[in-house]
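As written in Swiss-Prot, here are the features:
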- 91, 113, 115: Mg(2+) 1 binding site (BINDING)
- 113, 116, 280: Mg(2+) 2 binding site (BINDING)
- 116, 117, 118, 119, 208: substrate binding site (BINDING)
């Protein structure tokens, strides 16, 4: 066992010395790290712990899993005590959580999804936590919802923790993306994946193909061309994936490239996008761009969008840059009338597995 590992704490100390972050931001990241360790322990217990919690319907209109509630409480209790925050926003809370007056008024705002992909818990698949850090107002005015409604370009830090066979903590401070693996024996995150980079091209994409009939023509065009493989216009074979866990999809893309799509569709006209802008799309977009990838709605960069509400949903296309750029071009072609209505359903009159 090496005693000279670069731990997350040492890494943050180095970033402080380089002037990348200040001591308060470093301390906040350490608090988030601690929260994620507790969540990892809770997730690993599964039904052993979740039987004890009463569940309700959250602000999204979704039934909370017991571990959703537990993870949210862990983040609240640990992060409010560090004196670095003014407030927090979570997927599991309708309105901002204002730090109680007994704590020092901090310089930062924390936005987080305490347990992304929690629908996978019942089948024991990968879940994770996502977080984003913004600068808090300095004027001394009371903290309000509007202070959280800022474009993703203003993020100071973002990351996610993957609770899989190993626990991974992925972090960007705006100067690249780095991955840390939890050594469970000693309870320390150690740098194992420095300077993670997303390959510009790929042969792999992830999308929920059961929604094909609701997709816009540019997305159907893209997927159809990928499925045609070597015999189609792309001239290469693709693999299709779908885990239903954004943290797992993005981690795979960071490791070996790829494309993740949860595009705009017509399945529910009140929700043209499915993923949440503030605590899913923005932090993941910051990470992906810092790793050399790209994120878009198909029509604009997600990181440039000014949020309208805390729980705003949005279409998301992210991953290898060349593929995102191609999808942007397909959307532009369609919007400008250069692409005719695409009428080649994947799952109706012909098989995916038959040569055209």
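Just so you know, glycine gets a Cβ as well, placed from its N, Cα and C.
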Under 8 Å by Cβ from residue 117 (substrate binding site), same chain, sequence gap 6 or more: 125, 126, 127, 128, 243, 244, 245, 246, 247, 248
Cα-nearest neighbour of residue 113 (Mg(2+) 1 binding site) within the listed binding-site residues, 119, 208, 280: 280
Mg(2+) 1 site, defined by 91, 113, 115: further same-chain residues with Cβ within 8 Å of the Cβ centre: 68, 71, 72, 90, 92, 112, 114, 116, 118, 129, 130, 279
Residue 91 (Mg(2+) 1 binding site) versus residue 116 (Mg(2+) 2 binding site) - Cα distance in angstrom: 9
Residue pair residue 119 (substrate binding site), residue 91 (Mg(2+) 1 binding site) - Cα distance, angstrom, rounded: 14
Pairwise CA distance, residue 208 (substrate binding site) versus residue 115 (Mg(2+) 1 binding site), rounded so that it is a whole Å: 20
Cβ-based isolation winner (fewest other Cβ atoms within 10 Å) among the binding-site residues 113, 116, 280: 280
Inter-residue Cα distance where the pair is residue 118 (substrate binding site) and residue 91 (Mg(2+) 1 binding site), in Å: 12
Output field, Mg(2+) 2 shell: CB within 8 Å of site CB centroid, site 113, 116, 280 dropped: 91, 112, 117, 128, 129, 130, 160, 246, 247, 275, 276, 279
